[in-house]
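> I have a structure here, written as structure tokens, and I will follow up with some questions on it.
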Amino acid sequence: MLDLEAEKALVAARAVNEIQAGMLVGLGTGSTSACAIRLLGARVAAGLQIEATATSLATERLARALNINLRSFEDISIVDLTIDGADQIDANLRAIKGGGGALFREKIVAAASTRTIIIADSSKLAPVLGVGQSLPLEVLPFAAAFVERCLREAGLAVSRRREPKGTLAVTDQQNYLFDVDFGAIHDPLQLATWLASIPGVIEHGLFLSEINELFIADKGQVRVIVKNGNPPLDSPRLPS
Ligand SMILES: O=C(CO)[C@H](O)[C@H](O)COP(=O)(O)O
């Protein structure tokens, strides 16, 4: 049987080895990222000097508890290296993120990063995105009913994310999270374009261009997949 926790620790350790003194590091959100943050905390305790910025308030709390030197992302335009997890990822480094509810900040920090590494246990690699995995959307509460209608009229199954006690879950920006079942997503770019066209959808969990490398556990080893032929953009470009 696969030990997914051991796999998370394995890929996290490999990614944290990429961090060098003086870097500004983006810290992801979720249990795999938390493994990496704890390992980074140990390196910092041993004398490594870096600065970091967090993709969620939960990550910020963890990093602070480990005495990692944090900077607010508000003042940052470029990050050297971001290490984050994913809910599902394909071999072309297109991913679904947002299971932990932090997709909006995660996407911004990844877009600002010179290098974004996704770390993942072996269960996360999928031949086609969306199979057995819903896609999280961050939705403005003001637009919740309208966005839900748009999705349902398109024939989609929509679930508003709730806390264990039944109240609606809210993001760090106080927005709602919708989990939408699209089934197999054969054309993620077309889907991303459609979702971006719905007013009130603040962000979706499809990461199609932000990821540079994947460190994934594979039979007890770390397999590295690097995006080729597609160098990272410094920042989104104006269409010509
Ligand atoms: O996108 C995320 C949070 O918004 C996480 O990276 C994703 O949900 C994976 O989490 P985990 O490492 O716990 O499986």
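Backbone N, Cα and C define each Cβ position, glycine as well.
Heads up, here are the entries from TrEMBL:
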- Glu106: active site, proton acceptor (ACT_SITE)
- Thr29, Gly30, Ser31, Thr32, Asp84, Gly85, Ala86, Asp87, Lys97, Gly98, Gly99, Gly100, Lys124: substrate binding site (BINDING)
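Locate each feature and note its surroundings.
DSSP assigns Glu106 (active site, proton acceptor) to a helical segment in the three-state reduction.
Lys97 (substrate binding site) is surrounded by 29 other CB atoms, counting those within 10 A of its CB over all protein chains shown.
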> Checking your reading of the structure: which of the binding-site residues Ser31, Gly99, Lys124 lie inside a 10 Å Cα sphere centred on Glu106 (active site, proton acceptor)?
none
> Have a look at the binding-site residues (Thr29, Ser31) and report the one with the fewest Cβ neighbours inside 10 Å.
Ser31
> Sequence gap of 6 or more, Cβ distance under 8 Å: name the residues on the same chain that satisfy this around Asp84 (substrate binding site), in order along the sequence.
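Correct list: Gly26, Gly28, Thr29, Gly30, Ser33, Thr55, Lys97, Glu106, Val109, Ala110, Thr116, Ile117, Ile118, Ile119.
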> Within the set Thr29, Ser31, Lys97, Lys124, which binding-site residues show a CB-to-ligand 1 distance under 6 A?
Thr29, Ser31, Lys97
> Are there residues of the same chain, six or more positions away from Ala86 (substrate binding site), whose CB falls under 8 angstroms from its CB, and which are they?
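For Ala86 (substrate binding site), the qualifying residues are Ala95, Ile96, Lys97, Ile118, Ala120, Lys124, Phe207, Ile211.
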> Counting every protein chain present, what is the number of Cβ atoms, excluding its own, within 10 Å of the Cβ of Gly99 (substrate binding site)?
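Looking across every protein chain shown, the total is 21.
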